[in-house]
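Chemist: First, the structure itself, so that you have it in front of you.
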Amino acid sequence: MILLNLMLYFCSMQTTSTEIKKKCIRSLSAEELKDFFVASGEKAFRSRQVYEWLWKRSARSFEQMTNLSKETRTLLENNFSINPVTISQKQVSTDGTIKFGFKLHDGYLVEGVLIPADDRMTACISSQVGCSLTCKFCATGYMDRKRNLEPYEIYDQVVLIKEAAEEHYQTPLTNIVLMGMGEPLLNYTNVLKGIDKVTSEEGLHIASKRITLSTAGIAKMITKLGDEKVKFRLALSLHAANDVKRNTIMPINETNNLNVLKESLLHFCKETGSSVTFEYIVFDGVNDTAQDAKELYAFAKNIPCKINIIEYNPIQEADFMNTSVDKLEQFKKVLTDKGIIVNIRRSRGKDIDAACGQLAIKEVK
């Protein structure tokens with residue numbers, strides 16, 4: 001009876017109507033895929049073959065699954081879609097950075113970036129189509145959020161950027177940062193599932209410590225990351241250690257103020273044993289004074305951390321200005337003199353709008 005019900009369930013996916021979409025096969029667990037094959041009268045081991053094609057071998061069509069019979073491939077084609085992410089646009093910066101426009105199965109576009117460096121090859125990927133937050137310095141913040149990305153769409157971005165790294169630089173991908181379009185912690189479940197596939201042996205088997213999730217600061221979700229003892233790195237997009245200033249730059253601070261954020265970060269560090277990275281864009285006349293640096297030290301001093309000071313990358317929608325090199329160095333010195341680890345991060349891909357804060361694809365659908 002169970003097998004009959006399963007068969008009826010999966011057969012119900014078949015339709016001649018163009019109005020009903022096929023279920024994406026990559027939304028099934030390994031066990032659900034096995035159940036489908038058994039209910040269809042196929043050998044259970046076929047599910048393992050297909051699962052390997054879908055994840056480890058990143059098949060983009062059922063026709064690529066050459067160790068399956070034509071009948072089995074037709075069965076899959078009639079019941080499922082794969083919904084692969086494809087590259088619709090590509091731009092190469094003078095510094096070697098490559099920006100991608102990724103097209104999703106429903107026509108929406110998101111952006112990702114390959115950032116080459118002497119000691120690493122980094123993929124910057126998106127977690128949402130658009131963003132519901134309204135950070136004033138970020139181009140994505142001026143777009144509406146259309147939808148969350150599915151786990152397989154997060155995974156596919158990594159696969160495509162990994163292939164580009166090998167093609168253009170003959171170098172493997174070493175790092176992944178979720179710093180593209182969207183707020184990852186507002187797509188919590190799908191992002192963690194996507195990371196799980198990227199790190200698993202059945203997927204790309206990339207070490208968790210090579211992955212960094214960047215958030216604007218959703219305190220309760222940072223606490224949840226700590227509770228789940230995640231293995232990947234966490235970065236907080238901070239940009240001011242003063243609630244009044246941060247409210248202006250990042251309105252999310254009005255509901256996730258600095259005290260609440262500090263509490264959640266301390267919990268995260270305690271539960272995971274990891275440090276965090278604070279990202280701090282220095283804007284001329286806004287947050288670049290010695291007093292701002294002292295406030296940043298006061299916020300960070302009891303949290304295991306390092307601080308990345310970032311050059312501002314101009315966008316059309318905002319009138320912020322980059323601070324001077326002298327002010328940048330003075331700001332850094334205030335922190336390093338107090339024992340804080342500080343890096344100044346130079347912009348990459350600015351000439352193709354691929355730098356931090358510049359991702360906002362011109363054509364959304």
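Just so it is clear, glycine is given a Cβ too, placed from its N, Cα and C backbone atoms.
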Chemist: Same S-adenosyl-L-methionine site as Gly182, Glu183, Ser237, Leu238, His239, Asn313 according to Swiss-Prot: which of Ser200, Ser214, Ser324?
Modeler: Ser214
Chemist: What average pLDDT is reported by the model for the domain 'Radical SAM core' (117-351)?
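Modeler: Summarising the domain 'Radical SAM core' (117-351) by its mean pLDDT gives 95.
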Chemist: Could you state the CA-to-CA distance between His239 (S-adenosyl-L-methionine binding site) and Cys135 ([4Fe-4S] cluster binding site) to the nearest Å?
Modeler: 10
Chemist: Please report the distance from the Cα of Gly182 (S-adenosyl-L-methionine binding site) to the Cα of Cys131 ([4Fe-4S] cluster binding site), rounded to the nearest angstrom.
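Modeler: Cα-Cα distance, Gly182 (S-adenosyl-L-methionine binding site) to Cys131 ([4Fe-4S] cluster binding site): 5 Å.
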Chemist: Which of the recorded positions Glu111, Ser214, Ser237 has its Cα closest in space to the Cα of Cys138 ([4Fe-4S] cluster binding site)?
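Modeler: With Cα distances computed to Cys138 ([4Fe-4S] cluster binding site), the winner among Glu111, Ser214, Ser237 is Ser237.
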Chemist: What subset of the recorded positions Glu111, Cys124, Cys131, Cys135 lies within 10 angstroms of Glu183 (S-adenosyl-L-methionine binding site), using C-alpha positions?
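Modeler: The recorded positions passing the 10 Å Cα test are Cys131.
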